[in-house]
Amino acid sequence: MGPIRPALAPWPRHLLRCVLLLGGLRLGHPADSAAALLEPDVFLIFSQGMQGCLEAQGVQVRVIPVCNASLPAQRWKWVSRNRLFNLGAMQCLGTGWPATNTTVSLGMYECDREALSLRWQCRTLGDQLSLLLGARANNASKPGTLERGDQTRSGHWNIYGSEEDLCARPYYEVYTIQGNSHGKPCTIPFKYDNQWFHGCTSTGREDGHLWCATTQDYGKDERWGFCPIKSNDCETFWDKDQLTDSCYQFNFQSTLSWREAWASCEQQGADLLSITEIHEQTYINGLLTGYSSTLWIGLNDLDTSGGWQWSDNSPLKYLNWESDQPDNPGEENCGVIRTESSGGWQNHDCSIALPYVCKKKPNATAEPIQPDRWANVKVECDPSWQPFQGHCYRLQAEKRSWQESKRACLRGGGDLLSIHSMTELEFITKQIKQEVEELWIGLNDLKLQMNFEWSDGSLVSFTHWHPFEPNNFRDSLEDCVTIWGPEGRWNDSPCNQSLPSICKKAGRLSQGTAEEDHGCRKGWTWHSPSCYWLGEDQVIYSDARRLCTDHGSQLVTITNRFEQAFVSSLIYNWEGEYFWTALQDLNSTGSFRWLSGDEVMYTHWNRDQPGYRRGGCVALATGSAMGLWEVKNCTSFRARYICRQSLGTPVTPELPGPDPTPSLTGSCPQGWVSDPKLRHCYKVFSSERLQEKKSWIEALGVCRELGAQLLSLASYEEEHFVANMLNKIFGESEPENHEQHWFWIGLNRRDPREGHSWRWSDGLGFSYHNFARSQHDDDNIRGCAVLDLASLQWVAMQCQTQLDWICKIPRGVDVREPDIGRQGRLEWVRFQEAEYKFFEHHSSWAQAQRICTWFQAELTSVHSQAELDFLGQNMQKLSSDQEQHWWIGLHTSESDGRFRWSDGSVINFVSWAPGKPRPIGKDKKCVYMTARQEDWGDQRCHTALPYICKRSNSSGETRPHDLPPSTLGGCPSGWNQFLNKCFRIQGQDPQDRVKWSEAQFSCEQQEAQLVTIANPLEQAYITASLPNVTFDLWIGLHGSQRDFQWIEQEPLLYTNWAPGEPSGPSPAPSGTKPTSCAVILHSPSAHFTGRWDDRSCTEETHGFICQKGTDPSLSPSPAAALPAPGTELSYLNRTFRLLQKPLRWKDALLLCESRNASLAHVPDPYTQAFLTQAARGLQAPLWIGLASEEGSRRYSWLSEEPLNYASWQDGEPQHTGGCAYVDVDGTWRTTSCDTKLQGAVCGVSRGPPPPRISYRGSCPQGLADSSWIPFREHCYSFHTELLLGHKEALQRCQRAGGTVLSILDEMENVFVWEHLQTAETQSRGAWLGMNFNPKGGMLVWQDNTAVNYSNWGPPGLGPSMLSHNSCYWIQSSSGLWRPGACTNVTMGVVCKLPRVEENGFLPSAALPENPVALVVVLTAAVLLLLALLTGALILYRRRQSAERGSFEGARYSRSSRSGPAEATEKNILVSDMEMNEQQE
């Protein structure tokens, strides 16, 4: 039962429920009901037009004039998958389409209903309610209800009791901890024990911990996790460092992106791990000892204007970078800690999924942000020194080394400058540094490398690093720190550099207050160059303006982060209050302006601000949101106010804004456009090719390489010009024709220290917004904004999505040429039909590919030995090191691990070095070529290498091939016909499996040859023929040297290589005979089924496929043609129907449902191949039953089945809130659900679904062993984060009550492999619990049963491996078994145990016939019943206490006494394979 362990055995529990009901008690969910009125995400839906609230009444919904917040039937909440849940009905709001009525029916439905009709967009929900309720205007209304259609249509809907719209209470993902779902978010609502839960619950747990299911039905899938809890202690799930009081949570069992991990920590009142001291690093290293993992920490470089920082605002003063780290900071912006390097740090791509570490300080969950404080003291300083905040400062203009500068300061009685706040930094940049570009400060790491400290011995409490800093550039001992640039950012530099410096020393206290008043009136506070006054009356906005004017001042303006820090300090003690500023949206246009008319160059918005409504005035918040800006109603909201009176020069906006202001008369670079009223030029970067689309950070990098920025928008006029520019390029057509065409703009909320608020990447203030009214906008994930071509509004998007983009550049500025450095060949070199250019400067693979595209080229592909030799000869001329690596265009996709050329050409030639390519993995791999050996290898794509571009007139990309001509004729008996070819699979009998040449000879004897697969359609036919094939099959592809070709030299126009293939032919003794031949894989793993692999032609035996043309003298087979629309098609016990007519996705679903079907579910590559033939036959893309949540790229089947198999086109799924279809080439693509496609595939229901095998018993679910995963009759616990010897693995599993992994059949092997493959970065494999029994001369499992199933990898199991000294393991990357030594080797551990049977009451025992015995039994039963009643009441009270947040009874701890053997396990989500098994 997964997380559920009943407090009582099943029979007394049901009996007890009856007794309690008789006694007036009710077993329910006290936490759910008691907290209902306090839940902030629950609301009432109010209709302005009907003057009533929406209420669920049975299966219908009505608008009731009396709104009652305590009535569950009127209480609603948004839940996952964009559904609206009613707390009274415990159902979801939806629509239905009765077969006898064309009117859509609004009502309440079970939340697991298989239809998209339960999903709503919050921005259009009101309109939909008006339309659907208005359709019932003529129906008879119940007494007390109002259903006036005209009123409803014209009415406005909002949250009752507030001015908030229906999008104001969105649903946020809740990420689980522990359990067996590796951190996957809760599915809300979920069903457990035939009841629906709309939030986390402790039901079913004795320990009172809150949990949730991560799929819709817990009873079906048994996937679950604990819910995050914000508490002030570190009792549960945390380790506590007694020395520092910091608490740590290691989530080895979870795999989330950086932003998701950050959100998970935040949901627990914590943050991702920060490490600020050597002691802390040492403590963390101790907790990681014995583990193998890479984990997210809070280190990030997500602020595009700043450097590396901690997400919890800790100062970045200690670093533990590994050698050559950080690398590729432009695209890898998040930090990890690695056990492999003993706690060293690396930077990674923030979007990959990894385990993570949280950190928190107990009793510190709700403290407000501490602003910079101002010392109210006056000091005297020596001549040439300037006073500020109790200290004196002096600029030393003479250029010296850092040490010489320090000695000079010491001679003057001070030390090099230390900086402890933003206010002090402002004083330094404005008053002391002035026009000096760069100078020394006292920060250094001379005592201990990468442990920065101030030379005056003061505590490092504040840091302000420059972008990409500190980096200890190329390990060049940059031990001293400079301050430079207009923002005063910091950079680590070599200490012997000669620069000016600033000295600092304590001032002499004098009488009076600091700075006097500088002319400010009494009660006002001076901050250069103005006086500030806090108005303590709570007034509306117009009164605040008038009151400031009466004092000869204006409402406060805030033009940079320094002024923001000062104003925050003024209001620090006013917790819970708001203060008006001079910022407002005057004309309700969405454009904010200062009352003075100045442009907004700096903003500091709170989360979800300025919101989506137009209009409003801006006030400063206090408390935990100290100083953050929020939009309030100007006429009804009352707040205090801040007046500002300027005494000096006009305020200078903070850089980096567009400063200096660009000219209106400057010209635009070629290809860029502008308007006479605008100061910038604009260019759209758009391509049909997915390879040329970019993530947000990549697009930003492209713009900046050109000397431009991603588009920022400051006004409606600027956006209107951009809209017209897009319309000229893409045409002014209907919005649906532009659906899902998005362009990156510079707006983002990537920086965790900005409180989820939006910022422009070029530093422009966020004063104008044009967001589409987003629905269920998950702030934790979507951190970048796009401009939507269809609506010309903005949409929040996940930053790693690959899209087009728009750049802007100031008028009069020239576009920079690509910075490609010194080039060995300045001209293109021609060879055969192509031209090549060799770039000697080093770039990452992605940057190299981008530079190639600037020349209308691609990174080079290689298709022959002659081309390889040509490249090698030129590389040797340019390479000083003959082992120099050069990038070429071969790379893998993150989605499937398959190699492909960047120019889209087929892989017909390989030249791998020995041992290459490395085993496939999750990370993208890119391929290099060495200069001298001319061989290839693969490595991380972010490595900087020289590279080669190639361009030719012919495109290498493959497109769908035309259908072969319809040829009359048929096939002989025993052959299967497809179009104009006959096929025959041979090798069912193992005796018939032969070497490649023998297979070809056998085909020739049958007047045929080994199969040639010319296009995806033929591949689909063959794959669809494989379900009953249990062996690999030779095909006609072979390689004699390094190139592959078909028999009879047919051109190789199509390939279907498996992930990591082809690995290349072995060296041939002679150049004539093939040494590497291709097979089609039968693998039960969906990633490999039907794919090609190259094998030894002479050492391996396999089945094979023969092929020949049809015989005109024979009649064609009825099954030879492609499927026709309208007909029912049967395949693998499934039935499909093809629809061919223009349909939107929802229309297709309705049409399928009207025919007792649904849009098709594609569970495996066999069904995919079958449907590929259907799409190709109709020459049209076909809708399938796959759709995403609104605003998300997470796609799921209508049937709620997990997406275990996918056939996405490269770069897909691209669209958020979209629907999926099978394209004519068989791949899946996504588009707007409102797009009209030319057809769909229905999956026809034939009676009730086949029964699912149910297995008795459950898996352990305690806090310390919660990650057991059920599969068939057993439970499995994966410990890939632990590396143990074979003996230790046996001991660990024995302590858990199980055994080391045994694998009894291929299905179980695939199940295990799916888990290990996802965690291969932690462990190369896991131990198998087998050993050699010398008495029987055989391998046996731990229970001494013989090993009857095996999956040995090449070269197989030799006699030398059959001994007591041999141990055996399963490889993470391939699922193959390997023999090896038992000692000095560590592997991951997988423990296995049978499901635990639950002891239940057996009702078959009859009552005794003896009356005395009967009395005794009845008396005992009554006593037992009373005891159970008492126990139940105690349990009920305990649960009530637990559900109020008390975890007093929980004593889980992963403390120092519990080493890795007792640690929480790292797990990967299991596929629901067991759910699909059918009884034989």
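Start at 1 and count along the chain as shown; that gives each residue its number.
Using the three backbone atoms N, Cα and C, a Cβ is placed for every residue, glycine included.
These features come from Swiss-Prot:
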| type | residues | note |
| --- | --- | --- |
| SIGNAL | 1-30 | signal peptide |
| TOPO_DOM | 31-1413 | topological domain 'Extracellular' |
| DOMAIN | 40-166 | domain 'Ricin B-type lectin' |
| DISULFID | C53-C67 | disulfide bond |
| DISULFID | C92-C111 | disulfide bond |
| DISULFID | C334-C350 | disulfide bond |
| DOMAIN | 388-504 | domain 'C-type lectin 2' |
| DISULFID | C409-C503 | disulfide bond |
| DISULFID | C480-C495 | disulfide bond |
| DOMAIN | 527-643 | domain 'C-type lectin 3' |
| DISULFID | C703-C807 | disulfide bond |
| DISULFID | C784-C799 | disulfide bond |
| DISULFID | C852-C949 | disulfide bond |
| DISULFID | C926-C941 | disulfide bond |
| DISULFID | C1077-C1097 | disulfide bond |
| DISULFID | C1219-C1233 | disulfide bond |
| DISULFID | C1367-C1382 | disulfide bond |
| TRANSMEM | 1414-1434 | transmembrane segment |
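Here the features listed in Swiss-Prot are painted onto the structure.
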residue : record         : contacts (Cβ under 8 Å, 6+ apart)
C67     : disulfide bond : L44, F46, G52, C53, Q74, Y160, G161
C334    : disulfide bond : W258, W296, L299, N300, D301, L302, N347, H348, D349, C350
C409    : disulfide bond : Q396, D415, L416, S501, C503, K504, K505
C480    : disulfide bond : W402, W440, L443, N444, L446, D492, S493, P494, C495, Q497
C784    : disulfide bond : W696, W744, L747, N748, R749, R750, A796, M797, Q798, C799
C807    : disulfide bond : Y682, K683, F685, V702, C703, L706, A708, Q709, L710, L711
C941    : disulfide bond : S844, W845, A846, H891, K924, K925, C926
C949    : disulfide bond : Y836, K837, F839, A848, I851, C852, F855, A857, E858, L859, T860
C1097 (disulfide bond) has how many other Cβ neighbours within 10 Å of its own Cβ?
25
10 Å Cα neighbourhood of C1097 (disulfide bond): matching disulfide-bonded residues from C92, C111, C1233:
none
Where does C852 (disulfide bond) sit in the DSSP three-state scheme?
helix
As a test of the contact definition, list every same-chain residue at least 6 positions from C1367 (disulfide bond) whose Cβ is closer than 8 Å to its Cβ.
H1286, W1327, L1328, N1331, P1379, G1380, A1381, C1382, V1385
For C1077 (disulfide bond) and C92 (disulfide bond), what Cα-Cα distance in Å is obtained after rounding to a whole number?
56
Neighbour count (Cβ, 10 Å) for C799 (disulfide bond):
25
Residue pair C1219 (disulfide bond), C92 (disulfide bond) - Cα distance, angstrom, rounded:
21
By DSSP, what is the split of the domain 'C-type lectin 3' (527-643) into helix, strand and coil residues?
23 helix, 38 strand, 56 coil
Per DSSP, to which secondary structure element type does C409 (disulfide bond) belong, with helix, strand and coil as the options?
helix
Using C-alpha atoms only, work out the spacing between C1233 (disulfide bond) and C92 (disulfide bond) and round it to an integer in Å.
21
Kindly report the helix/strand/coil residue split of the domain 'C-type lectin 2' (388-504) according to DSSP, in that order.
25 helix, 40 strand, 52 coil
Is C799 (disulfide bond) helix, strand or coil when read with DSSP?
coil
Around the Cβ of C350 (disulfide bond), how many other Cβ atoms lie within 10 Å? Please give the count over every shown protein chain.
26
Only counting partners 6 or more residues apart, tell me which same-chain residues put their Cβ under 8 Å from the Cβ of C111 (disulfide bond).
V79, R83, F85, Q91, C92, L118, P189, W196, Q216
